[in-house]
Every structure is written in structure tokens, then in C-alpha cells.
């Protein structure tokens, strides 16, 4: 396999784009690379569902993403709150798109299928770019939550989405000099650039923890996220067909990759949540007993005035009689 070719990748991993790249079949005339093994379909309520196990994990991922978003939104004054929540919104959109594709809501060989796969690729690139820009927020190079910070991350993510979407669509449709057999640009955008973005983010967070934080526990979150992410990629691209054969086509590497990606995203949240401190003076907590009185006021700071006016409707009021000697009379 030459650089930028998907032949060996698609023979092991049943990726959605594999049916849109590669040489044309001499029999059917359609493009696509058939994997050695892929998960069997399941029938539910007279509906055929592709990749049932992976689709189930996508649904779990949606629920977990909603929980993480709610937790981020509850930290009103946390550093990088608006920036990191953009990352989770993009991940939610990517999960929904992947669920639609993997479950067969938009089946392969259908007209809209190339467009959905192009959107999936675009969201994948946007997600990695958003993660990259989030890596700079902790260094306070610019104030977080401002117009510059929020729209910088939104615009860069949108630009990478458009670039990846267009390259994918041009490749699938043989437009602009690209073709399903000329996939170098697609490979660079999906794998090389995304890998560079993730690597830079990891380096930035390591520098942030080592140079600015006394606590080293966040390194555990980073390490666990990296390990599970790498395991998911290895299981997908290295052992997907082996797993599929050994479990009688009930699972394949896509299931494990989806699950490991979810764990990696959760570690991104845990890392951000751990290193983020909130200004409690201006926050609105969702937990009871957020505030705690540590000690009573000193005795000398308490009011010592005794109120004697029992006829007033305000038990706490006091009337002082003026003692004037004007004109020799007391008033």
C-alpha cells in the first residue's frame, strides 16, 4: 500500500468511507473496499440495524455527553468554560452523525451517503482542531470567555470542518481532480493533521501541569486518556477483522474504538474539571450547603445595644431622648 491509500486500512476496519474509496469493481462498476470481516446486522421491530453494538455505544456516548455539558455549564466562572463546551458540542454532533451512518439510517450506496460521510469527516477534523485550541486556553495568552477567545475556537473549528468536508466530498465524487483512487489529501487531513493536533494538545497540557500546577494528579487523567485512545485505534486498525472472526461477527473493532474514544473524551472532561478552579463568590452552586460558616463573629464585633422601647411595633428599635439645655429647660 502506498502513502495515502486506504486499501490495507479498509480491509481490516469497516469504516464508513471504505465504501466510497478505492478502485471500481470490474463486476458491479461501483467503488469501495470490502473489509475482511464486519459486524452482522440485527433486526429490531422490522428494522435492520447495522453495527448494533457500536450503535449502542453511540447512544451511551450521547447520554454521557449531555451529562458532561450540564456539569460544565454549572461552573459559571470556571476558566475556559465556553471554550471547552464547544468541544463537547462538536463531539455530540459527531456522535449523532456516526450513529446515523453506522446504524444504517443512511445506508451505503444511497445518494446522501457520501455527504453524511463527508460531514462525519469534517466533524472529526473540527473536533481535533477544537481540542488543539483549547490546549492554549490554560496559559492565559488571551482572556478566556471573551469574544476573541470564543470565536477563535469556533472559527478555526469551522474552517477545518469545511476543509475536511470539501476534500472528502471531492474525493468521493471525483471532482476537482480528485478521485476515490487518489486519496492522499483525504489521508493527510483525516490522519496526519488530526494526529498532529492531538499531539500538540497533549504536549501543551503536560507543560501546563508541570510548570503551573503543584498537583500532579491531572497527569493520570492525561495518561489514561492517551492509553485508552491508542488501544481503541490499535483494536480498530490492527485487530478488527481478528476480533470479528473470533466473536462470530457480533462485534468488530469499531465497537471498541467507539467505546475507547468515549473514555478518552471523558478524560478530557475530567482533566479540565480537575485543573479548573471556580470563583465561589460569583458562582451559583447546584449542590446543597455550598457555603459553610467556619466560625462565629468575634464577641467585640457583635451589637451590644439594648433596645428598651417595648411599645414600638419594631422590637429591635431604640429611641434616644434628646437632652437639651437650651433656655435652661430640658426637652
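Using N, Cα and C of the backbone, Cβ positions are placed for all residues, glycine too.
Residues of the same chain lying 6 or more positions beyond the ends of the transmembrane segment (48-68) and with a Cβ under 8 Å from any Cβ of it are 14, 39, 41-42, 88, 91-92, 95-96, 98-99, 102-104, 107, 250-252, 254-255, 258-259, 261-262, 265-266, 269. The transmembrane segment annotation in Swiss-Prot covers 48-68 (among others) and is backed by sequence analysis.
Sequence annotations record features per position, and here Swiss-Prot assigns transmembrane segment to 84-104 (among others) based on sequence analysis.
Marked as transmembrane segment by Swiss-Prot on the basis of sequence analysis: 122-142 (among others). If you look at the transmembrane segment (122-142), the same-chain residues 6 or more away from its ends with a CB under 8 A from one of its CBs are 79-80, 83-84, 86-87, 90-91, 93-94, 97, 148-149, 152-153, 156-165, 168, 189-190, 193-194, 197-198, 200-201, 204-205, 208, 212, 268, 272, 275.
The transmembrane segment annotation in Swiss-Prot covers 147-167 (among others). Counting same-chain residues at least six beyond the ends of the transmembrane segment (147-167), those with a Cβ under 8 angstroms from any Cβ of the stretch are 82-83, 86, 90, 118-119, 121-130, 133-134, 137, 178, 185-186, 189-190, 193.
Positions annotated as transmembrane segment by Swiss-Prot: 184-204 (among others).
The transmembrane segment annotation in Swiss-Prot covers 219-239 (among others).
The transmembrane segment annotation in Swiss-Prot covers 249-269 (among others).
Here the transmembrane segment (84-104) has Cβ contacts under 8 Å with residues 16, 41, 48-52, 54-55, 58-59, 61-62, 65-66, 68-69, 72-73, 113, 116-117, 119-120, 123-124, 126-127, 130-131, 134, 137, 150, 153-154, 157, 254, 258, 265, 268-269, 272 of the same chain, all six or more residues outside its ends. Sequence-distant contacts of the transmembrane segment (219-239) (same chain, six or more residues past either end, CB-CB distance under 8 Å): 9, 12-13, 198, 202, 205-206, 209, 253-254, 256-261, 263-264, 266-268, 270-271, 274.
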